[in-house]
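Pulled from TrEMBL, these are the features on record:
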TRANSMEM  23-49  transmembrane segment
DOMAIN    40-290  domain 'G-protein coupled receptors family 1 profile'
TRANSMEM  61-85  transmembrane segment
TRANSMEM  97-115  transmembrane segment
TRANSMEM  136-160  transmembrane segment
TRANSMEM  194-216  transmembrane segment
TRANSMEM  237-261  transmembrane segment
TRANSMEM  273-292  transmembrane segment
Amino acid sequence: MTKNQTSITSVLLMSLSVDQETISVLFIFFLLIYLMTVFSNFLIILLVVTCAHLHTPMYFFLGNLAFLDMSYSSVTAPSMLSHLITQHWSISLSECIVQIFFVMYFAGSEVYLLASMSYDRYVAICHPLHYSQVMSWGTCTCIVSIVWLTALLVSIMYIMCLRILTFCGPPNRIWNFFCDLPHLLQISCTDTTINVLLGVIVGGIICTVAFVTTFYPYVMIFRTVLRIRTSDGKSKAFSTCTSHLTVVLIYYISITFVYLVPDTSNLLTLNRVVTVIYTLITPLLNPLIYSLRSKDLKAAPQR
């Protein structure tokens with residue numbers, strides 16, 4: 001620790017705007033986005049639980065995805081709205097670490113869950129005769145339990161390594177509107193080698209496995225669909241996985257830009273926009289995409 005640095009107990013988040021009129025518009029806009037996100041995802045959970053014809057593995061996974069989206073948005077949106085209305089962008093270090101834990105937990109769970117949903121679509125299209133045996137309720141429950149438990153263990157591991165660090169200022173600013181791990185590590189005044197290695201090795205392995213298990217089933221799906229002779233059969237097969245593939249692409253494109261593109265001054269504004277899309281807009285898009293593409297889901301409220 002250098003002489004002009006002192007240990008800090010709070011961090012300063014980046015304000016989205018300094019103009020009062022712009023702040024008011026942003027507050028109303030993000031509040032509406034958050035309320036719509038909570039409502040739409042809660043509605044999907046309610047329909048999946050109460051409608052008997054939605055008691056299938058695909059909608060079981062979709063219900064879990066809706067819960068993750070609602071929870072993930074609730075970790076970042078309420079605090080951001082509070083900061084916008086009060087213009088007090090300071091947050092205690094403990095609150096920052098707690099927010100990082102839940103961001104990692106829900107984001108990690110969604111990565112694993114999307115991979116599980118890809119496998120479900122693979123079995124449904126490539127092995128339809130064995131679908132009920134392979135994707136039994138016991139198997140689905142086991143898969144979801146592994147998803148939640150794996151994300152929990154990985155998040156705890158990251159946070160334990162984060163708690164041994166000391167953070168110094170000035171500056172004690174995080175260049176984001178919520179606490180995230182890479183930006184917090186930048187203001188550490190102790191050696192972050194272990195944290196960086198953990199992110200590279202563990203994060204790299206997990207992301208690679210998740211990426212392969214998410215997209216490889218679609219290679220097999222496309223090969224199977226191309227063998228279908230009738231156009232109606234191809235259209236029906238594609239329609240069963242279009243929604244999920246759209247959600248996967250939006251999620252991976254936004255998360256890749258946020259965490260792999262350098263935070264240079266030229267890209268800082270664009271990075272903030274993509275971060276807003278990744279944390280606030282995507283959890284709203286997911287239920288809308290599935291609602292528009294799924295006839296059973298659209299018909300459920302009428303039933």
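Numbering starts at 1 and runs along the chain as displayed.
Glycine too: its Cβ is placed from the backbone N, Cα and C atoms.
Contact count against the transmembrane segment (237-261) (Cβ pairs under 8 Å) is highest for 273-292, out of 23-49, 61-85, 97-115, 136-160, 273-292. The transmembrane segment (194-216) shares more Cβ pairs under 8 Å with 97-115 than with any other stretch in the list 23-49, 61-85, 97-115, 136-160, 273-292. The highest tally of CB pairs under 8 A with the transmembrane segment (97-115), across 23-49, 61-85, 136-160, is held by 136-160. Same-chain residues lying 6+ beyond the ends of the transmembrane segment (23-49) with a Cβ under 8 Å from its Cβ atoms: 16-17, 55, 59-60, 62-63, 66-67, 69-70, 73-74, 77-78, 80-81, 84-85, 87, 280-281, 283-284, 286-288, 290-291, 297, 300-301.
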